[in-house]
């Protein structure tokens, strides 16, 4: 149960953090001059804390509900880790409450952050397309490429696993269990490997794009004043 709690908490926190990173990218690309003011310590610390609190609370709820289920038959988890969906399949009782709770969890930590990411990137793309030079567009897009890669990998696999929690009566075949276990490696292994690329605005590409955007804004202001 400790392993299930930690893995679920990390996954839920990652979902919310990806939404926060999308907001960070939105401010950096669309409002580069105001970025140091908007994304100051008083803003990003509560954002990070909020992501962790949301993930931990969600995991506490899901783990607590799972611990109340009886497991009176097979105790072999057909997975690499004590993953919550794999454990629910072993329960010998009605798991409808767990399914409903999981649906609410999906709405909070999957759907809402995904909406934030989608809306943020709509504005980001619109801003980048207004950049006159091809080099400027390339640099701006490069600041978002790593984040978008992780979003596609992480959310793609997470939605496959959690968007439609299976009830106990719809247990899949062994092949389905193996496929789900392999897919879980993408968000359990691949995403953490890519995290260092997306959780800092101090890499060279982002700094170059920020300088370019700041330069364009300053030139526009100088032309206006002239």
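From the backbone N, Cα and C atoms, a Cβ is placed for every residue, glycine too.
The shown structure was predicted, so the numbers you read here are calculated from the model rather than taken from an experiment.
Marked as domain 'G-protein coupled receptors family 1 profile' by TrEMBL: 1-199.
Sequence annotations record features per position, and here TrEMBL assigns transmembrane segment to 6-23 (among others).
For the transmembrane segment (43-61), the list of distant contacts is 5-6, 8-17, 20, 23-24, 101, 105, 108-109: same-chain residues at least six beyond its ends, Cβ to Cβ under 8 Å. What TrEMBL records for 43-61 (among others) is transmembrane segment.
If you look up TrEMBL, you'll see 107-129 (among others) marked as transmembrane segment.
Annotation source TrEMBL lists transmembrane segment at 141-162 (among others).
Per TrEMBL, the feature transmembrane segment maps to 182-201 (among others).
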For the domain 'G-protein coupled receptors family 1 profile' (1-199), what's the model's average pLDDT?
81
